[in-house]
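Okay, so here's the structure we're looking at.
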């Protein structure tokens, strides 16, 4: 008899294909509960957690998250994600994504070009892109170096101060173009607004405060995931 082996997780792109609920969180340095929070979020049905500490309470209290500390936080997230089959995303930094062994690198419009980021992280890391208008979404939908894109902000949000909300029209136009790769709506999304978003054609979402500020993050994630799955 051959010894049994633990089931290997699916490659990141295969898990991306079924992902519906994407969470951005800061490192929660002022609370010191990142691993516990991530455990609750993944248990509630979050598929992807991105670490994004810009503008966070921890940054205000302790200063910018340095590379060593970011790698430590990502290691915490990866340990939890591994238990749940979830994905861990790095924001902006291709070098950090490579060093951390992250599943996903997410790039903004002002970050490294996707083709150059791909040279750094290699062929297996999922690369995502933020888009804020129809033209950017259209380009992201056909860029061979991008695996998914986010479009928004649908509604104004304090996590992106100064960025004008794109509204549901951007969601509708993106849905109507029938992209062949996964795309997520982002910006000001919560359980109350989710029906409008689903009606506009989105079936994948990125949230922040809807889970990070919830009294019960696991329950908040479960409610969002249930609504997404019920509509699919």
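Quick reminder: no glycine exception, Cβ is built from N, Cα and C everywhere.
Bear in mind that the values here come from a model prediction, so they are computed numbers and not experimental data.
Residue 52 (4-amino-2-methyl-5-(diphosphooxymethyl)pyrimidine binding site): 19 other CB atoms within 10 A of its CB, across all protein chains. When secondary structure is read from DSSP and collapsed to three states, residue 52 (4-amino-2-methyl-5-(diphosphooxymethyl)pyrimidine binding site) falls in the coil class. Sequence annotations record features per position, and here Swiss-Prot assigns 4-amino-2-methyl-5-(diphosphooxymethyl)pyrimidine binding site to 50, 51, 52, 53, 54, 91, 130, 160.
Less than 8 angstroms from the CB of residue 92 (Mg(2+) binding site) sit 106, 107, 108, 111, each of them six or more residues away in the same chain. The Mg(2+) binding site feature in Swiss-Prot is assigned to 92, 111.
Here residue 130 (4-amino-2-methyl-5-(diphosphooxymethyl)pyrimidine binding site) comes close to 106, 107, 108, 109, 149, 150, 186: these same-chain residues lie at least six apart in sequence, with C-beta atoms under 8 angstroms from its C-beta. Residue with the densest Cβ environment among the binding-site residues 53, 111: 53, by other Cβ atoms within 10 Å. For residue 91 (4-amino-2-methyl-5-(diphosphooxymethyl)pyrimidine binding site), other Cβ atoms within 10 Å of its Cβ number 22.
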